[in-house]
There are 4 protein chains.
Amino acid sequence: MEFEEDGIGEECGVFGCVAAGEWPTQLEVAQVLTLGLVALQHRGQESAGVVTSNGASPPTYTSHKGMGLVSSAFPAEALLKLRYGNLGICHTRYSTTGISELQNCQPFVVDTLHGKIAVAHNGELVNARALRKKVMRHGVGLSTCSDSELITQLLALTPPMEELDTPDWVARIKNLMSETPSSYSLLVMYKDVIYAVRDPYGNRPLCIGRVVPISKLHSAAAGEEDTEGWVVSSESCSFQSIGAKYYREVLPGEIVQISRHGVKSLSVVRRPEGDLPAFCIFEYVYFARPDSIFEGQMVYTVRQRCGRQLAIEAPTDADVVSTVPESATPAALGYAQQSGLPYMEVLCKNRYVGRTFIQPNTRLRQLGVAKKFGVLTDNFAGKRVVLIDDSIVRGNTISPIIKLLREAGATEVHIRVASPPIKFPCYMGINIPTKEELIANKPEFKDIAGYIGADSVEYLTVEGLVSAVQEGITSLKEDEMGSSNGCRGKVGHCTACLTGKYPVELEW
Amino acid sequence: MEFEEDGIGEECGVFGCVAAGEWPTQLEVAQVLTLGLVALQHRGQESAGVVTSNGASPPTYTSHKGMGLVSSAFPAEALLKLRYGNLGICHTRYSTTGISELQNCQPFVVDTLHGKIAVAHNGELVNARALRKKVMRHGVGLSTCSDSELITQLLALTPPMEELDTPDWVARIKNLMSETPSSYSLLVMYKDVIYAVRDPYGNRPLCIGRVVPISKLHSAAAGEEDTEGWVVSSESCSFQSIGAKYYREVLPGEIVQISRHGVKSLSVVRRPEGDLPAFCIFEYVYFARPDSIFEGQMVYTVRQRCGRQLAIEAPTDADVVSTVPESATPAALGYAQQSGLPYMEVLCKNRYVGRTFIQPNTRLRQLGVAKKFGVLTDNFAGKRVVLIDDSIVRGNTISPIIKLLREAGATEVHIRVASPPIKFPCYMGINIPTKEELIANKPEFKDIAGYIGADSVEYLTVEGLVSAVQEGITSLKEDEMGSSNGCRGKVGHCTACLTGKYPVELEW
Amino acid sequence: MEFEEDGIGEECGVFGCVAAGEWPTQLEVAQVLTLGLVALQHRGQESAGVVTSNGASPPTYTSHKGMGLVSSAFPAEALLKLRYGNLGICHTRYSTTGISELQNCQPFVVDTLHGKIAVAHNGELVNARALRKKVMRHGVGLSTCSDSELITQLLALTPPMEELDTPDWVARIKNLMSETPSSYSLLVMYKDVIYAVRDPYGNRPLCIGRVVPISKLHSAAAGEEDTEGWVVSSESCSFQSIGAKYYREVLPGEIVQISRHGVKSLSVVRRPEGDLPAFCIFEYVYFARPDSIFEGQMVYTVRQRCGRQLAIEAPTDADVVSTVPESATPAALGYAQQSGLPYMEVLCKNRYVGRTFIQPNTRLRQLGVAKKFGVLTDNFAGKRVVLIDDSIVRGNTISPIIKLLREAGATEVHIRVASPPIKFPCYMGINIPTKEELIANKPEFKDIAGYIGADSVEYLTVEGLVSAVQEGITSLKEDEMGSSNGCRGKVGHCTACLTGKYPVELEW
Amino acid sequence: MEFEEDGIGEECGVFGCVAAGEWPTQLEVAQVLTLGLVALQHRGQESAGVVTSNGASPPTYTSHKGMGLVSSAFPAEALLKLRYGNLGICHTRYSTTGISELQNCQPFVVDTLHGKIAVAHNGELVNARALRKKVMRHGVGLSTCSDSELITQLLALTPPMEELDTPDWVARIKNLMSETPSSYSLLVMYKDVIYAVRDPYGNRPLCIGRVVPISKLHSAAAGEEDTEGWVVSSESCSFQSIGAKYYREVLPGEIVQISRHGVKSLSVVRRPEGDLPAFCIFEYVYFARPDSIFEGQMVYTVRQRCGRQLAIEAPTDADVVSTVPESATPAALGYAQQSGLPYMEVLCKNRYVGRTFIQPNTRLRQLGVAKKFGVLTDNFAGKRVVLIDDSIVRGNTISPIIKLLREAGATEVHIRVASPPIKFPCYMGINIPTKEELIANKPEFKDIAGYIGADSVEYLTVEGLVSAVQEGITSLKEDEMGSSNGCRGKVGHCTACLTGKYPVELEW
């Protein structure tokens, strides 16, 4: 691959669907699952997998997995194969730990004494190493390095299978949750139900949607009797594309059972006294699709607020405000609105530039990121530009862009970053470069503007970011968040990569 | 393929490169060609082909062709195979006439009495049918329905090969130009030179760039001695991504020879007395990448002017101006600037939605274009929206978008189209639906707003479009356009699809 | 697939290799493994897998698996990836139980408390169902239905991992052998050694070869110091193609350790008192390649003896003896030699007929097996033919062949089968049709000649087969069989599919 | 590719089919064509192509081409696409001249003034170079180096297309035949007929079959009214696999028209006075499948006669006669019958050894052909072996086989070759190594036995071969050969590669 991405990577997206009512229904579950995956594709492009169940007793599970984007990994035959599913879960993966091979691809299905379970997982267990050892000490061989396989074996293993007459998967899930505090948003499919689980810190997102007739999609009149199915997803942006209404979030620590009869909250596992929730703040800043809703607010709006806050914290004497397309655009528009400076596009992205098999060591390599962006000279030649970026990780993307703008005639280029400097690694599901690679930890950071060639560089403060994020939440009425069950009321976010304060102890 | 695109299709992009100086040089021609193709990918995604020549006597030609995007059609082995090329031409194709098969893929190479020539063509010969008959009457069997093969055989055929001692390809190209008035931008490679040809009406674009050291790319000081190679391309946006400086356009009717010694204008074939140039106005409106330069002006700027003109012609009493992403954004920003209304994003595009193998006839099909767009509710709920689109072809894309916005809370949705209604077919290289399918020719067009569900619909006038386009050209100094050779000074554009006035007689 | 094979299917072939001496050596282990697999391809064409170890501490394992024939499943990149292996095991699979998917493909690798082990298995555990339950009751989830995964988990599980300071894999293998009597020929790779194991009944074959310099391959002078590596294989036919000398069989119940230091017999697990060995007699009749050696005798020779015995038991008044190519040829030549009748070829096989995507329900389907065979009319027109086949399973292959011969002019067609009728299913690794499908269990069998259209049909008796097989073994000197360790001296074979007498109790 | 084949290569096979009666009929032409190709696969494995016509006016042609074996080049979709064909021609190719690319793959289809024609060709035009020049001088560009394209353009070109009101393809074919004497067996499809053409020397084979109901396939009672279609093929072996009866050969110089109304001989173009027919004698010796019929006799029988003749010319004092499997087996059986020596198999071929991606320069390469053959030691250890081969080209295959046999215990190895030494190149469609590479032209040939390590080597004489071939023809009754039309009666064969006497002047 030619381009080294200068970013941070999400680990995964999970999605599930259960057709409502008497099976089989009209709802084509395999199609819903696949389209749901496509809508979560920004969370992982390495591989994709779907497992469906016909929900019978014993159930027949059908699975399909493939490398690459959903569009190439799921040919027509795959959908044909999966078409008898009445419920199913799926997963799209961005490899962090583990090799890029089909066998690491989720969901993971195992046969147990009580039948098959399927597991899809977004997150990273902070104590995975210790848990692997525990499982292997019990005599289990692990065939992948996937946390999902580990979770699956933990579910099968404790308490011992033989002690139970019928399987109490909820007890097993609770047991699992007592073994590992974070981070996981989990879908466990067993026969005819899906258990949707979020870790007690709510570190990774998970929300529920209700599938209704397309004609009633945006109608307030769509009542319970109109429910065609239930979906559960890492992000609500996937609901739009399959024709579902946003229902509610799975709460931190909550175990929700989704069946053809509906959605039922089974239990909420509490955090230790005094611990705040710790939803990953970078979901707002960078990962999530702008039309997704977390904690009652739209991601786009939060990003706009970050831009406004940045304009207050770091005003600039300049002629135009612009964006590094496409992710920084809401913040740039917010900055423009707040500052009163005109918003202009200065770069245009070639969306076909991707993996090309160009050998390195050539003059073309020197071009770097310039291959990706066209310059809209007329919009900024002879002007002072404030360029908004969402984050700077290694600093090797922004630098050639600044050079490009200057050479095309910008008289000044000021960089304003709509998030604070990233200084610490993440052990909870995000693929951040090592501490040494992060520009914020390098000596050059003292003169970051000089280093990347900008006239000035300013970051949003941690306080500014947190307040921009939490401002929208406090304004939220309690009843919009789903049934109140004691674990709400407090607001908190994981800012570990910015502050080094991890929400749980890291047992490495 | 699931989504019927509601658009009009470009036919092709062509690109060529010659390494300058003593061969072999450091310039990796195969890489330049491939990256050039990637930058022209928006002009055709069906197939791609490259032919290189080592330029020796006799030359060795190497070719690679593949279906699909350049990224998948050109694996590492293909580049390896092509690596000894000192010059080459390439082509990316959007199928209009002809079946989607590898054998229709350009460039077309044929062996003649004087050796092999390779031809890449963008355009559509208005008299192709008559020319095919002529060629076949001479006793030539045609193995494809590609105009490129036809052109190749015409070059081989007249005047008869045996009458010449050494081949006079320029005479043959002129002869070809006397047989067909339009439309073609043509690259003909023979041994060690590329002939770049544009039809006398200049209907399709073609321009030349100069490859310089990356370090001198944006430096005015890059002199003739710094030239590492020459490139020729359908659009100048490709120069940025391979590290070339814009040099000049190939003029309407001009035959330019590009060799390792440089660029030489060989001849300019005149139009009939009184005929104006007829560069396709839809290149500005829709096809070209916004950072490309035609006739001395940036496409993005023209689109912005169209937006401003639209705001003058069709003002709206509304709260926010927005865009159907991404192509209408410059016009929307122009409309916002002129009208003083705030610009807001209301839709977010899922760029992973593409070819998926979903069977039709399902509830999901009803969702239509909604699968492609997420709704940024907070930005427009309770507001009156002016939505700018670049063009409306069949009307089946804009309609569900309007529904989406209304359902998400827009109180009014006004559509403003930054180009006039399309009413006539194109016979010059653009794939426009049949006359009957065009919304502008349907009875429903009388109440277009009612038909698509908008509160109001207004189009830019033909005069408004033409003046927005030509305003930038008149302000251009003559010397920026390359050597003056008599055919400039007049300005004219092909507006046949809007007005039915074709620049040349259609001999069908 | 068009042709329903009228045969019985082998389950698998296993192969392993360890380079001798100081690592790395000149021996290219990945190549040896791949060529070894190719030579065992007749034992399974569905999928193939290789796992190599660099033998370091901790070891790095590299694996490659693919569907289909070795030639397509192992491209050049796969060999490149595997090239640092100093030892390795591999497997070729014919699917019996389990779906045709890559994840069922062996060898199976799991991580345990003491590091990774890899397992390749030929056979079928008679008590697999009970063992699966046992493993799952312990709390292990099983992700495939492969016996190989089951074996791997059993090795990891008992005795509990934590009780051991260092892993005693031999004890664990013995423990496994105490849990399941048959059938398995097993390769277990751990770090720098391969354990080669055969079940106490010796049901599936396994033998050892010594890799020597090609120049000394057939020289008696190749001493211990010339050893370049050790190989272990389901069949000795694979030694020829990688340049190894036949060394000896792994004995029934034996655990052999193969390391760079050589071959060491670690233990021989005894059968219950009174039980005879039970090597599968169909390896001689049908499965094995004719140049393989079992129990000191060449398979081809045994098949010839079967043909001779058949001529004695079932003589025919006919003009020519012929074969159903290619597997019945040794028996046909034996029959001809014994009977004095001339041997002639009457059929010629089109080796390109295989999987073609012809839809059923057509006239061409009626042609059946005729598509596979050309008729050599001149050799038998006007003559009485004795056609030798190795076995008749369903009877649907031989019938159209007889028709073909008759129509082409054979005056009489007599079928002589060089093995007894198959009447019972196999639970020990062979894929035999259900009891009902076997022609020998159908009412039509009473008039089998009439049913298949032959003038007469005769089978070899069970006694005749057993004596033809065992005749060669008794003549064998003890020292040729490797070190005598008490379990030899008795001769016995599994004839369960012919007699219904299974060597072990079937705990289903 | 690992194994350098030590053989000589056939160029191609052609096959055609026309459904008889009113269209559409029950006959699935696309299936017949594909199975016909499979049966001719031994004549070319590089690529395969099918073109069908619906036979309408104007006709719709559908084509599919692919690289590799028919089984992989023709997936189910290809057959689906072709299913509306009422007639069609196809081609399987072994590349001699020309690169291995899809665009060189036949049949070649071109559009002419009178519509499309499709051409499939087996052979090599002796004056191709001059003809190419002629065509190009006329102004035709040639896009491949295929003789098939050349033939197609020649058919389109002379006499000039415009002089004809309706196309007289037969006159054009005759014109073509006047331009080139040899070698070609040609199928030309135009609209609803196939013209089957053989050059006046009959150098390449071509014969016709009649498709009848399967039930009447071998019945003499199948009358004209039972005809379901007509097929034309390079070899009659393909008739068996599609359910057709052998009808007759196309005669040297004959143009046969095949339509739904039947088979009609249109013309027979004569050879120059005094010239004998020149059917390639190596079709008998090596290329053809043994069950094919040429000139009224079965190939297998001719090979057996060659073996007998060889036993007379070159008797051996030995213990067993054997074969290099599989092609030499009929000759070996003939030698055994004539000599009275027992026939034994000594080698067993691994049919899975093919293209494997083993790097050269390894110890495994030294094994050479041994990888392909297993040794059946028991059959020859301690014995003197006469090994029959069909031909020796470079001598690099037989040599390691002899070594193999000796090392496994053969006391003597005598080589008897069932054809004379090959000394001259073929310019008529066979891919023979250059003169220098042929073992018969090397100095070592004086002591060929010593060179390849045999105890003795003897070849069949040219006279012996010719008489073994022609013996069967003279015994043939005239009426079995189809309608007598003056060009029969004389017998002659091309032995140019053995004698240097080419049937026509080579105009190179």
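Heads up, the Cβ atoms here are built off N, Cα and C, so glycines get one too.
Any TrEMBL annotation is an automated prediction that lacks curation.
Keep in mind that what you see is a predicted model, and the values were worked out from it rather than measured.
Per TrEMBL, active site, nucleophile is recorded for B:CYS12. What TrEMBL lists as [4Fe-4S] cluster binding site is B:CYS280, B:CYS426, B:CYS494, B:CYS497. The feature Mg(2+) binding site is assigned by TrEMBL to B:SER327, B:ASP389, B:ASP390. Per TrEMBL, the feature domain 'Glutamine amidotransferase type-2' maps to B:12-261.
A map of TrEMBL features onto the structure.
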residue  : record                        : DSSP (3 states)
B:CYS12  : active site, nucleophile      : strand
B:CYS280 : [4Fe-4S] cluster binding site : strand
B:SER327 : Mg(2+) binding site           : coil
B:ASP389 : Mg(2+) binding site           : strand
B:CYS426 : [4Fe-4S] cluster binding site : coil
B:CYS494 : [4Fe-4S] cluster binding site : strand
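Closest to B:CYS426 ([4Fe-4S] cluster binding site) by Cα-Cα distance, out of the recorded positions B:CYS12, B:SER327, B:ASP389, B:ASP390, is B:CYS12. Here the domain 'Glutamine amidotransferase type-2' (B:12-261) returns a mean pLDDT of 90 for the predicted model.
B:ASP389 (Mg(2+) binding site) sits 18 Å from B:CYS497 ([4Fe-4S] cluster binding site), taking the Cα positions as reference. The C-beta environment of B:SER327 (Mg(2+) binding site), restricted to residues of the same chain at least 6 apart in sequence and closer than 8 Å, consists of B:TYR286, B:ASP390. Those residues of the chain, other than B:CYS280, B:CYS426, B:CYS494, B:CYS497, with a C-beta within 8 angstroms of the mean position of the [4Fe-4S] cluster site C-beta atoms are B:ASN203, B:ILE281, B:PHE282, B:MET428, B:GLY429, B:ILE430, B:THR495, B:ALA496. Geometry remark: B:CYS494 ([4Fe-4S] cluster binding site) versus B:CYS12 (active site, nucleophile), CA distance 18 Å.
Within 10 Å of the C-beta of B:CYS280 ([4Fe-4S] cluster binding site) there are 29 other C-beta atoms, taking all protein chains into account. Between the alpha carbons (Cα) of B:CYS280 ([4Fe-4S] cluster binding site) and B:CYS12 (active site, nucleophile) lies a span of roughly 14 Å.
Put simply, B:CYS12 (active site, nucleophile) is 18 Å from B:CYS497 ([4Fe-4S] cluster binding site) when counted between their Cα atoms. Taking the centre of the Cβ atoms of B:SER327, B:ASP389, B:ASP390 as the Mg(2+) site, the nearby residues of that chain (Cβ within 8 Å, site residues left out) are B:TYR286, B:THR323, B:VAL324, B:ALA328, B:ALA331, B:ILE388, B:SER391, B:VAL417, B:ALA418.
Cβ environment of B:CYS12 (active site, nucleophile): B:ARG43, B:GLY44, B:HIS91, B:THR92, B:ARG93, B:TYR94, B:GLN106, B:ALA120, B:HIS121, B:ASN122, B:GLY123, B:SER234, B:GLY429 lie under 8 Å away, each six or more residues apart in the same chain. Of the listed binding-site residues B:CYS426, B:CYS494, B:CYS497, the Cβ environment within 10 Å is emptiest of other Cβ atoms at B:CYS426.
All protein chains shown were included, and the count of other CB atoms within 10 Å of the CB of B:ASP390 (Mg(2+) binding site) stands at 23.
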